[in-house]
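Each remark here refers to the structure printed beneath this line.
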């Protein structure tokens, strides 16, 4: 109603709805056309409010008209709609769109003449753009109006939706009308994320700017006062000019339209980008034999817009190539239209032409339009008195037949012209099935929908017989009849074609069964006596010629419709009703449009369909599959296919549960892997606790859900499967799906989406009815009385049936309790369907899995269910049939669960007016239970939480995780967060939260005293404990022997080391902490270099799956105070260094020695460099270098070869390689294997230098290593290296190994190009695709990274290492003065070893101490001798 009220008044709307879309057409304008137009205008960033007035419509027409020549069909439709609306506003009388366009043209011609006259009168030739962004204010000054956010938003949307397709150019042109260079740059900056495209655009702009400077040299001498300087290329591009200068140039007299010039440059660049994104030539656009003309035209114009040519050339292409490249069917029609035909005339004439359905539709058209059968079905008896000249088959002359011809016999068949047989043996039937003149006896052919909009319904292919006297109504038939006759609507009996269309006919007082055959000219019946005279005749059939008797003017009754015509009687195997009688009763062959719109589906990019061989099947399975598939084929769910389809998916059969019937299964795993991903439209199943209480409820089930939705035509071929034969007796029977297959990944999403669209109108009409839809289950609830409710249910069922969805009565639940989604629903309560836990003596893995599933399902309403001990039984990889003995804990848990399930429990429904409350209880052993309710003791639902996110945790952390899980669950079910009642005191929570606030959040909560309460069992100190002993702990283990040591060194000189077996580095670190806790007093400081150990203990766990961590927790609980600190390993920190030496003795020393053999073996295979071996085998650099030096293949003249590859982060190797006669310049980052490559026009220094500067602009390049090619040794490249600060090194002449990295990468790159070459039209595209694949899609080498990940890691590590080195160097330049305990005298200076967050590690003489930060003064060492302790004051620089 908004559109009616705002755009057109009542009277205007009436006039609007009388205007026809096409001259002589039936369709008229409706309100929906205005709504569509306003939406389209919003896409173009044009105010839809302009449609409300004639002046607004005129402005819109002015904007749209320049883009009409290159615009899409939608743009033309929008222009036509606005033009018609303009005429309605202006009260111009028009009958159709064509008249509206003529009126607009007349007005524009008149206004143009007036404008020319006015211009001549005033002599003012300069026109200022009336469009944004330069407007004239009241004082006559030119003012810049900034480009609007709405326009920018429209531009961003264009790029996002169209992705640099040809439509982008006219849209950019329209959006940037009258813009300044600054505005154009703003537009480009908003889409700057498309870096590759923007780089191409920048290059084009730079080229055009240089060309402008060349053609417009700067005039010598100063600029005259009051005169503006002339713009340079960079000024036009907006980089060196101000906004005021741009406005000045654009409004000057004479103006310099810098905005338009810059816009032209950008469009040139956009053309190049479009060509890259759409690399198809207009010459390659040809119409396929089955392609609808509309689709061909769309492709043609899309590609035409991407062509870089003048408008004149594009017009020539449209006039010649459009017709020339059409398929033969369309070309014949287009040539008949003549050279001056408009595109609209071409589209109308070729509508429905093309493809195998074309001929059948032409015949159907003829049969539906013809009223006098005698004019078409030419029986010889009808033209007895007309003389027909005979014509000779042999010589082609009239007056004699071939038998009497005197000319030499012509070679080959007289009928088809082929050699090898004579006419009597010719197999080409001439049934005259398609006579081109039939379809057009009554003028222009009826317009058929294009192929793409017709989806043949699998259940609606049928033969329709219609006439004026039938009473049975069919909705689809009535519409089709109205289309044919224009005035009278007809009623159609429908005969399905999934079986032979056999009907009962009445002829000569006898009832007979006959076949309706639209492929036969004549009606032929088996031997019978008919009244009247007959004459002999010979007719040709499939089995040869037969002799028949021809009876004329015989009345016959077919399906209640009477006809009179010629009947042939003879020895026919089946009675046939031919077209001579079918046309009289108005019988047509119909392929009705499927009501459900197919969802287009594609394979993943670069993938082809599945080609998995069918495995052998037993005889009974083959028989079952043949039977099932025959039935499915009759129903239209699948279709037979030929050998042209190369795809296959395996099929097999299993017996249904408790039945002798078989079920067909197709293994779509491979197709699923190759099919595009789908967004699951429903992320979970609805829950009954979220249902509102309703007076009346019904549960429906949709029958054959997936098989009611058609599958995308273009995708069907990929669903092909084969039923084999026994012993390969015959070729397998091949089928493909026409509907959504069971087991295919797209079926659920497409079905849900289709179902939602179908239910949407019903939901809108009945807002008070709630429909919960999950797959094929429907829950319908309302507050209507039961009678009214059931009426609405019938309406819903009929609505679904109209769309092809049946709701079987046997699954239609009218009375409670309703079984829905595994739940049992009652009017005022719900529960899960009855759960029976099996009694077993022995339990297999599969049995326990099923048991846990049942208990989890029950836990949503039965409070207190536990499964932790049962789940423990399933740990590890076990076979499904393996028998598992139940532990005592698991048996106890199962017994408790059985007791809980004995008493039935119900949940209530949700009341939106009341708050949600959650209460959580701790069950012990890391298990929690909770209840969600609105009133006490009336639970909406219950649940449990037992997930442990780590091996070591505590109750507060678990409680937090449980709260977050419940909060998420509540948001999903009810859309709001409940209030929580938690068994934890506020003080305990606050203590935890102050340390871990950033990692946890919980909503509003209150304390409830439900034992057992949650508490923290111990706390770690934040500062070192004064007076307590400090333990430096460390551990080490050998990876091969699993032997290890753990120990500690204390500040009081104590030390201890224990040897361990079957251990790891992490375990030894924890063992060392355990030793320190065991051997220390009630207060202790512990210093470790293990981040792993620190992370575990700082989280304050009170339970752990690790026995060792559990022992540490026990020790921590016993202590009064514990301070735990971390220092970095191997940094020379006293206590840490001492304990490291202590535990490493005999352990760490042999670690790298164990790796030497492996490294030597690896080097013999791959000749890896020393850096790779040092990294892969944990070798010291000196050992790795020794392995390389002792390798005879890595030697040159008795010493390590100088060409040994340097893997420093800034080194790149460059080389040129050749492919397909073109030059590819390749740069390889030596350390990572990362590649940059580009096709260059010539192997010159200029191109190489340009490439090198681009490389240096992207990555840190310190050194390049090249061969001695002329382009690399050129002065241009040397100059570029000098400017960018790059060192250039050259390889050893005639030694390819000196360029080994880039040479091997050349080979690798060519190999990848070969793999992707057929996917790209141009080599330069294939090169960039190959570079992308190599850099980001191939992993391996050091770290198992891709080359792209590796280069980033190497550069980041290099920066970090340098920064760390700086810090270490810096830290050694500081001296520390400190105070001990309560002694007020400052001591020092001491050496600073490490500065932590809360404390520092210092070395004073030989003592290493940990001192709190608040008790130290850190000052820089300036190299001067201090006078004494008392001269240290706060005057010094402090840190």
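Backbone N, Cα and C define each Cβ position, glycine as well.
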Given that Swiss-Prot annotates 1069, 1089, 1140 as Mg(2+) 2-binding, name the residue from 955, 1034, 1176, 1215 that shares the site.
1034
Can you check which of 809-817, 818-826, 827-835 Swiss-Prot lists as region 'RT 'primer grip''?
818-826
Pick from 12-19, 44-51: which range has region 'Interaction with host AP3D1' per Swiss-Prot?
12-19
Range annotated region 'Dimerization of protease' in Swiss-Prot (choices 483-487, 488-492, 493-497) is 493-497
I'd like the per-state residue tally for the motif 'Nuclear export signal' (16-22) from DSSP, helix first, then strand, then coil.
1 helix, 1 strand, 5 coil
Translate the DSSP assignment of residue 1267 (Mg(2+) 3 binding site) into the three-state scheme.
coil
Students should find that the Cβ of residue 1215 (Mg(2+) 3 binding site) has, within 10 Å, a number of other Cβ atoms equal to 21
Report the member of 1267, 1303 (the binding-site residues) whose C-beta atom has the most other C-beta atoms within 10 angstroms.
1267
For residue 1267 (Mg(2+) 3 binding site) and residue 222 (site 'Cis/trans isomerization of proline peptide bond'), the CA-to-CA distance in whole Å is 51
What is the interatomic distance between the Cα atoms of residue 1303 (Mg(2+) 3 binding site) and residue 222 (site 'Cis/trans isomerization of proline peptide bond'), given in whole Å?
57
For the motif 'Nuclear export signal' (16-22), what are the same-chain contacts with Cβ under 8 Å, counting residues 6+ beyond its ends?
8, 28-31, 34, 84-85, 88, 94-98, 100
Helix, strand or coil at residue 222 (site 'Cis/trans isomerization of proline peptide bond'), per DSSP?
coil
In DSSP terms, the region 'Interaction with human PPIA/CYPA and NUP153' (189-227) comprises 23 helix, 0 strand, 16 coil
Rounded to the nearest angstrom, how far is the Cα of residue 1215 (Mg(2+) 3 binding site) from the Cα of residue 222 (site 'Cis/trans isomerization of proline peptide bond')?
50
Under DSSP, is residue 1215 (Mg(2+) 3 binding site) part of a helix or a strand, or is it coil?
strand
